[in-house]
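J.: Got a structure for you, questions after.
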Amino acid sequence: MNMLTDAAVEETLQPLYKPAASKMTGKDVTVHYGEKQALFGVNLEVPEKQVMALIGPSGCGKSTFLRCLNRMNDTIDICRVGGSILLDGEDIYDPRIDVVELRARVGMVFQKPNPFPKSIYENVAYGPRIHGLAWKKSEFDEVVETSLQKAGLFNEVKDRLHEPGTGLSGGQQQRLCIARAIAVSPEVILMDEPCSALDPIATAKVEELIDELRQNYTIVIVTHSMQQAARVSQRTAMFHLGNLVEEGPTEKMFTNPDDKRTQDYITGRFG
Amino acid sequence: MTPGILAIIVLVLTAAGYVLGRRRALALAKRDGARLHSLPGHYGQAVALFTMVPALLLMAAWLFLQPLLIDNQISSQIPDSVIPEGGARSLVMADVRRIADGLDRLVETGRVSEDALSSMQADTTDIRGRLAEVGVALGSDVAPAVFDAAKSYRSIADTSALLRNIAVLATALAFGFLALQRVKPAMRARNISETFIRSLLIGSSLVAILTTFGIVASLLFETIHFFRLYPARDFFFSTVWNPQFRGGSDLGILPLLWGTFYVSVVALLLAVPIGLMIAIYLAEYSGRALRSFAKPAIEILAGIPTIVYGLFALITVGPFLRDWLAQPLGLGTSSSSVLTAGLVMGIMLIPFVSSLSDDVINAVPQAMRDGSYGLGATQSETIRKVIMPAALPGIVGAILLAASRAIGETMIVVMGAGAAARLGLNPLEAMTTVTVKIVSQLTGDTEFASPETLVAFALGLTLFVFTLGLNILALYIVRKYREQYE
């Protein structure tokens, strides 16, 4: 027994304590909107099949960072991204990466529910259709049904799949958007304040859903609600003025943060 | 006192009413120590409105009714004997009015005194010569009965103008005074001025609506007149358009409708795809700098007068199509053709389609694009599958508005497609449209009594019904669109 060195002991024990393998890694990420710098060298690892919450006061750069993860910032002309972001070890800003394929792997749900003005069925079938994931009607039927089921919406809408998605309630619309994102079988789902436009009951349903989705998907969620971050996430990252303040297990962040700014923000002293 | 001066006096009274009303409200509030319900200016406005509105309404009604009443009275004075054979009483009445007018001017310029005028007699004085001095030319000597009618026309007009002035001023003063009396701190003056503003806005919109009704009514009236002279069945179903001013014409609308339809379709086939693609490019692809330059530049096309497009059709496009297309293919030798007019009209319509569609595409919320891009859709997939369906009703609306422009267009057709009414399929032949024929049936020295001229109204009404239908359809679609993603 005494033949084991300290280092060897640590090595054998490490798997027990090591956080889950990282799915996405941001290395020294900087973002400029025109002249204005929005992110100052953020280094952050997103663990696989867990929920990571990004918190921080408005304008701190958390949504900007989120939008870098599937290159949604590409749609903004004046936005420039520096540093690198890895998805399974591959740099997503590499010119060889196809942004279409990237976004199929890293899906996104937005702040305001934005179903297309199409039927519920067509909303969910949209992704599989453009990526050629299904060809026959039976295949589409199946992917629509399973996606809606995973989003916990199927029972509520199964009798009106061909009615417009815009006719649903706000919470149902948001779950429809989640189903739409799930339908292309992404590996990562990004959520930008998905509950900010919803009432408490709809919020509870979406949170419950996020918790279930964690088994199959890596989730990154931006939220302004501390309770929400505490309820749904395993790890939390705190942003302030374009910098990552600290990152750690949610429990630790909410009980014993290292940084005073995190402490102040969580207890509502600023932000 | 002319109506203009009268109106100015009423406005001066109105201004005085404003000042007095405001001052009285302030004075009363100070005396009683009460709080004013509204701002002091509102009390002034209330008094001003009570001074102005009833008086001006009375004046407008009077100015409208007075000529009708006087005409009625005078025309019953005119004996049938002075009405020339085959003429109408209304022509004699026009003479009466002109003589009265001339007499007014004679008095004004001091050539004849009022007394001398009353002793003037048609058989002793050279009325025609005297009136010619002041620039009123008469076609024949004046009959005594007509001259007497003119004199009494003058006196009645004078009296009624005097009465009008008194009535209008009295109304202004009475209402203004009453309103001033009622000014109290508790008076809800703000509500009065709000109500007035609302009625003013309602009134303005009524003007537009009533004008539409007026236009339809006048068209309808003449059209009914036309159908009394010409069978409606022949008008709607005959395939021959051959007006003869000696009578016995064929006035079938079908060749004209066909021409209108054909030219419009050619125009839309050009304008819709190009316009739409411009709109998509401007809205989705172009950078801000290009867009801010290109959009106004394209809209300049919409500002070019259609006669200029007509010239372009006549001297450039027409001969070009004839030399390079029609003659080599042996399809015709005419430089006016459906294709010429259609192409040029299509160019004219491009900015309508592109500008309206661009607005509609821009109105599709960014959230739709984000949602689609977030799922990994490419730009063209997003446009084809999300933006176009969302914007489609609005785009259809834009196209229908462009179509009603095409149907109503005249100048380009006259200069590009000619004026020959014909039912045919060859796009390189001359054809013509409804609007062109309306113009040609109404130009020239013609009387509005024969079917050949009255047919213009029937054509106009048909066209109106068509474009109205298209516009209603467009509005309906646009409204439906609005409900879609809200």
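Using N, Cα and C of the backbone, Cβ positions are placed for all residues, glycine too.
The following feature annotations were taken from TrEMBL:
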type	residues	note
TRANSMEM	B:6-21	transmembrane segment
TRANSMEM	B:42-65	transmembrane segment
TRANSMEM	B:161-180	transmembrane segment
TRANSMEM	B:200-221	transmembrane segment
DOMAIN	B:257-474	domain 'ABC transmembrane type-1'
TRANSMEM	B:261-285	transmembrane segment
TRANSMEM	B:297-321	transmembrane segment
TRANSMEM	B:341-365	transmembrane segment
TRANSMEM	B:386-407	transmembrane segment
TRANSMEM	B:454-478	transmembrane segment
J.: In the same chain, which residue numbers or ranges, 6 or more beyond the ends of the transmembrane segment (B:161-180), come under 8 angstroms Cβ to Cβ?
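T.: Hits for the transmembrane segment (B:161-180): 1, 6, 9-10, 13-14, 16-17, 20-21, 24, 46-47, 49-52, 54-55, 58-59, 62-63, 66.
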J.: When you scan the chain for residues with a C-beta under 8 Å from the transmembrane segment (B:454-478), skipping those not six or more beyond its ends, what do you find?
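T.: For the transmembrane segment (B:454-478), the far contacts come to 215-216, 219-220, 222-223, 225-227, 229-230, 235, 243, 251, 253, 256-257, 260, 393-394, 396-398, 400-401, 403-404, 407-408, 434-435, 437-438, 441-442, 448.
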J.: Any residues 6+ beyond the ends of the transmembrane segment (B:386-407) with a Cβ under 8 Å from its own?
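T.: That would be 260, 263-264, 267-268, 271-272, 275-276, 279, 284, 345, 348-349, 352-353, 356-357, 359-361, 363-364, 368-369, 371-372, 377, 433-435, 463, 466-467, 470-471, 473-475, 477-478, 480-481, 484-485.
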J.: Considering only Cβ pairs under 8 Å, which range in B:6-21, B:200-221, B:297-321, B:341-365 makes the most contacts with the transmembrane segment (B:261-285)?
T.: B:341-365
J.: What else in the chain is close to the transmembrane segment (B:6-21), if you only count residues 6 or more beyond its ends and a Cβ gap under 8 Å?
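T.: Residues 43-48, 50-52, 55-56, 59, 164-165, 168-169, 172-173, 176, 179-180, 183.
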